[in-house]
Structure formats: C-alpha cells, structure tokens
Amino acid sequence: MKNWGSSDSGGSEDPPQEDSCLDPLDGDPNSRPVPAKPHIFPTAKSRSRLFGKCDSEEASMDCSYEEGQLASCPAITVSPVVMIPKHEDGPTCARQPSQDSVTAGSEKSLKLYDRRKIFEAVAQNNCEELQSLLLFLQKSKKHLMDSEFKDPETGKTCLLKAMLNLHDGQNDTIPLLLEIARQTDSLKELVNASYTDSYYKGQTALHIAIERRNMALVTLLVENGADVQAAANGDFFKKTKGRPGFYFGELPLSLAACTNQLGIVKFLLQNSWQPADISARDSVGNTVLHALVEVADNTADNTKFVTSMYNEILILGAKLHPTLKLEGLTNKKGLTPLALAARSGKIGVLAYILQREIQEPECRHLSRKFTEWAYGPVHSSLYDLSCIDTCEKNSVLEVIAYSSSETPNRHDMLLVEPLNRLLQDKWDRFVKRIFYFNFFIYCLYMIIFTTAAYYRPVDGLPPYKLKHTVGDYFRVTGEILSVLGGVYFFFRGIQYFLQRRPSLKTLFVDSYSEMLFFVQSLFMLGTVVLYFCHHKEYVASMVFSLAMGWTNMLYYTRGFQQMGIYAVMIEKMILRDLCRFMFVYLVFLFGFSTAVVTLIEDGKNNSVPTESTLHRWRGPGCRPPDSSYNSLYSTCLELFKFTIGMGDLEFTENYDFKAVFIILLLAYVILTYILLLNMLIALMGETVNKIAQESKNIWKLQRAITILDTEKSFLKCMRKAFRSGKLLQVGYTPDGKDDYRWCFRVDEVNWTTWNTNVGIINEDPGNCEGIKRTLSFSLRSGRVSGRNWKNFSLVPLLRDASTRERHPAQPEEVHLRHFAGSLKPEDAEIFKDPVGLGEK
C-alpha cells in the first residue's frame, strides 16, 4: 500500500477503490512514470494530527493502487500522475494530458473554472467540485494566485476563503488547494497571500487559523511555508477610537497571545520549520508584551489571562534567549511594557509587573520583587526600581503623574507598592522641607505685594516720582519685588505649558493651580504696562492680581493632608456643582431681566416716588438714585438682590401691568432663591460624601506631582545624592554574573499569606546589613510600622548624603538563599521545638 503523503513505497494488499482507477497507459505498464508524491504531510505525526489516521491504518484521504492492475486499462500517453484527494472515498488520480495526446484530450470536454465557482466550492467544503482544477490550471497554464482567481476589491484568495469557511473546525479543500499550489509552483505565494484592501490589509491564512483557534491548520500552514512574521496592519487591526476593530500587535505570535492560546504561542516559538521572533515589533514598535498590555481592560477575567500569558511568554523567552531583555524593549514612543501599562491605566497589569516574583531558579532574574526575609506574617521585600524612579527616562512615576486626566485609574495606580512607599520616602527625606520653605517665601512675597499695593500713591498720574524718603524706598522696593515675582510665575507657566501641553480638560482638572498662577502673572504684567502708559486703570489690574495671589495660597495646602483634601473638595464643587448652577442661574437671570426691562417705561411716575422707595435713602448725605431702570444692567443688579434675599418688590414704579410685573418677580424668586440655591446646597453635600475617598487620592496625586517637580529642579548630581533605595545583589544573571539591582525595601504584614512559598529568605529576619540605612515605613493598612518593630529604624537618607560624598558607594551584597520545599499543615508540629525555627 502507498499512503498518500507517506515517504514509504510499500505495496498494498487491499484492492483498489473504484473511483481511484488510473487512466490507461500506452506501451508497457511497467515502464510508466512513477506517480509524484505530494508533500503536504511530510510526517506521520502531522498527517494523523489533521485526519486522525496513521500508517498502520489507511486514512480517509489515502490512495491505494497496485501496479499490476494497470495493464487491464486502455493505454494512452499522459503526464505524471497527480493525486487529488476526495473527502469521502479517498483520492482520485487525475492526469494532465501531454502535448502528444491533444487529439485524445479533445474528445473529452475540459471543465472550466472561474473565481466564483472555486469560491463556492471551498465555501461548501466540496472537494469533488475541484477534482479537475489542477488539470484546468495546467492546461491553461494558470495559477491560483492569478488576479482572475482573487477578489478584485479585497485580494481574497481561495485559500483565505476556505479558511473563513470551516466546518467543525476543518475544511477538506484546504490541503487540496495547497497540493494544487505545490504542483503549479505557487505554494509559497498562496500560503502567504494576504488581503490588499485598506481595512484587512496584511491578514494571511495564518492569522485566520490562529483567530479560529485551530492548531491543526496552524501547523499545516507553518509546515508549508507560512510566514510567521506577516503583519496584519489594516485599519481593522489598528487601535483607533470610535472605529470597530481589534488591535493585537499585527503579528501571528501577538495574535495568539492576545487571544489566550498558549499552545499556539509555544508552537510558533519552538517549531522546527520557522520559529517566530519573540522580540519582533509591529508598525508602532510594540512587541508581544506591549500587545498584551494593550488588550488588557482591567476586568478580573481579562487581567487574569493577560498576566498569566505575560508571565509564560517572559519565562519562555528567557529559556529560548537567556541574554535577551524582552521586558526592556521599547516601542516608538520610548515606552516599555511597564511604562505602557502606567500610561494606559492598566492597573492590574501594572501591579503584576511591579510585584512579580518568580521562584524558578533559572528564571529568577526576571523577578522585580525579592522577598529578603519573612517571619510569620511579616515580610521584607526588595523592589527593583529600574524603570520606576525618576532617574530614568519615561519612568513609571513620571508617566502616571504627568499623564492625561483621562487616563483611567490614574489616582489608584500611585497606591500600588512600591510607588506609594517610594513617594512617601521622597517626601519625608527632603521634599517636604523644600516645600515648606517655598511656602514661607510665597507668604513673604504676598505680604510685600499687599503692602506695596496698599501704600500706592493716589495723587496724579503714573509713573510717580520717587520721593527720597525711607517709606518711598521701601514702597519702590516692594513694587520691584512684586513685579519680579510676577515675571517668575509667568515664565514658570510658559515652561509648564510647553512641557506638558495640557488639553483643555486637563487644564481645568489637573492644572488649575498652574493656570491661576499664570493668570496672576498676566495681571501683574498688565499692571506694569498700564502704569508706564500713564493709565490709572493699572490699579484695577493690580487688585485682580492681588486677589488671585491670595487665592493661590490654596496651592500650598497640598503639603498638609487634611487641608489638601479640603482644597480638592472645593475645587471639585466649583468645577462640578457650581458651574452647573451658574449656567442655569444665568439663564434665569437674563430671561427674567429682559422680561422685566420690557415692562419698565422711562419717564412714567418719575415725579411721584413711593414711600417704600424713599425710606431707603433717608439719612445724612443720602439721596435717591436715578429711578430709571430701563436698562438691562440695572435690572440684572436688582434681580440679583432677590437671589441673595435683599430684593424689593417695589424697587420701581415705572411699569405697566403691575400684576404681570409682580408675577414675574415672584416666579424669579421661587426659581432662584428657593429652588436653585437649595439644590446647590444639596448637591454640594452629596458631592462631599461621594468624593471623600476620591479627594484623598487626588490629593496624593497632587503631592506626587509636587515631589517630582521638586526633584526635577535639582541638578543631576543632587538627584543621585537624594536617590531612594540601595544597590544590592539579588542573585545571578543567566551568564553567571552577579545581578545587582537598585532596590527599595518595603516591610509588609499579610495575615492571609504566610511564608510557606517564599522563594528567597534571609536566615536572620530584620538583622540585615543596610537596613539601618534604608527606610522602613509605617504602613497604616497591612504594613509594618518602623516604630512598632524592634529591629526597624527610621533614619533619613539625607544623613547619608554626606557619607556618600566621603565614601564612594559600593554595591551592597545581600545574601539571599532559596527556601527549598514548602511547609504543609502537618509539618507545623516541628515548630513547637525552638530549634525548628532555623539556624541563628
């Protein structure tokens, strides 16, 4: 028996099938050409994977024949045998007529094929309809990749059509099409053919097989030369807001990873035909790890599969390419997968990457968290600060703090360890002292500004001549300092807007303090211009700058938790409740003012003021004002008095239709003074209750921005001196060298997870060299307080700065050993003996 696609040529004892009879040959049957062997399934394993048969049992697509039976058939001269498989009864053997048998071939009609007929056959899984396709192509000297067999709009081929029309996970026309393409020397072109339209551009049969989660077809395509680096970069596969589509990183490996198919991922990376490049990037520079971060959506199920796949690919990459730092690769925006998770607000993926601790010895260098020691519920962890601290470009802290206000989970991400403790460390060691000093300087500036404004000259036109008196010297000095402060705030605002380029929403949500300081500086500069242009209106600009200057004092409340949260609530109520109230109120005010001013007539009853209007102006030096209210401005002022409860229903008598006039005023009072004001009060109370926790997180974000701004104002040498953490040895690199990391120690308490699965543990808990020089933190929720544990000490790193100058920093080695085995409940009896607690 000769199995179709098998490499052996042994005979078969089974009789041939009726529909597999070969065409007769001229001359001696023994001299006929040997049938060509297709190579769709080069191994028995691949053949059985697709059809469930092996060499021991004839598969449904095998062809059986005996050479001796060919003599009974009439013979004509034909070209070599080509076998075309049938779905039900096994393959039939079709032959292309040679040029010497044109007369014999003309007696039989040649079946014609076009794109529509081929597409219908593959869509219906109809192999019988395609039995003569190879003969037709060879006769007409055409290929399946010719333009007449493609969709003119999308470039779709018959193979892509077959891949899109699977029946129970398979389509028997696919191996048939591949064999036909092999016989016509177009196999590589057919397998790697892709869509050409702008929407699905670049999608190949391999992409479709992966998307359909069909391991057998993926294997078949890769065995036959499918390009594992083909990029699907059509509009459907791009991340575009408001447009349907699915971004997965363009490459087949990324598609398998983003659709949670670990088996296909391993096959693409480890197959012997064409292994995929694990570090390959798409058109925007994203690797497979970047693509996983992009598809994360912060839901529980999605985060679970993304983090699991991320971990598997990271470990697999380390085993295949030990020296490759896959997680350190950046995209075209300069973002690593960690920075991308922070930029896009993927808090679940961010927390996993920051707190990843791998126990396998050969992959432990991939960890970013190392458990130094554990004692009961107490854990001392070392966090790798690479890509986190501000010493590096596009650090996680900068990405989160300076990201857009539309970034989801922006405030919550700063609560993830070690970010939370790292910011607190920076604040406690040096930032708060600088911040309080700046607060003092600003208070002094505002006092000088206020004094200079209060004692301004009032006689004559500016600029005023200097009187050589002590008071005038102090006044002019105060004015100069006030102007210099305005110039400083102006250029600081320009620098902020150029660096951050905030959107309009970000400007009002996150940058309101910077915007107010900038407006204050504009009023101050306007004051200077008007002053030297001989306009007394400079006073108006000056008082606006003065008022905004004292209002901006709220910026420094972020240095105090309670006051900072209170300031955030004020901001939120202004932007949310008060803005909506003012919009509705102005509509009512303008509408009723136009109605009232229409009723008022000038000159009517002017000579007869009423007693109710006169009694308000009795007294020495008082006189009745002009009783004309036939202007929108004066009417709006009177109606505003009704809003605050100071209005008079008889503020004028110059109107017709008194009943209509009174009804308008009463309706206005009910809608504004009674309804709108009380609604505003109720909404403010509800806002305070709703945003209490949110306000605390916003305050922490504001303080984080202040910390980073203060750090950025330092010189480079000063940044290194005040850097948090220590350089520690945490293990060994894959090439056997010492693995030094800049680490930050955080001590935690966890009453649910004990030290049964700790991979790295120190023999002497809490007695580590350098722990006295590294901050231990007082963690209020689930953390160890440095004041409550004996061997913990809080020594500011500022004290270390001078020591570092005198003694160059040397890498500090922390001896970490593997905790072999795991503790079981029944092993707890061992610890009743103090000796069982370990070596001391």
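Just so it is clear, glycine is given a Cβ too, placed from its N, Cα and C backbone atoms.
What you are looking at is a predicted structure, and each value in this text was computed from that prediction instead of being measured.
Asn605 is the residue among Asn171, Asn605 that Swiss-Prot describes as N-linked glycosylation site. Both Lys467 and Phe657 are recorded in Swiss-Prot on the same side of the membrane. Ranked by how many other Cβ atoms sit within 10 Å of their Cβ, the binding-site residues Tyr200, Tyr512 place Tyr512 at the bottom. Around Ser513 (resiniferatoxin binding site), a 10 Å sphere centred on its CB holds 18 further CB atoms from the protein chains shown. Per the record's binding annotation for ATP, residues Arg116, Lys156, Lys161, Asn165, Tyr200, Lys201, Gly202, Gln203, Glu211, Arg212 show a top Cα-Cα distance of 25 Å.
In the predicted model, the topological domain 'Cytoplasmic' (685-840) shows an average pLDDT of 61.
Arg116 (ATP binding site) sits 67 Å from Ser513 (resiniferatoxin binding site), taking the Cα positions as reference. Here the binding-site residues are Gly202, Gly645, and the one with the most other Cβ atoms within 10 Å of its Cβ is Gly202. Nearest in space to Lys161 (ATP binding site), taking C-alpha to C-alpha distance over the binding-site residues Tyr512, Ser513, Thr551, is Tyr512. Taking the Cβ of Glu211 (ATP binding site) as reference, residues of its chain lying under 8 Å away and at least six apart in sequence are, in sequence order, Leu255, Thr259.
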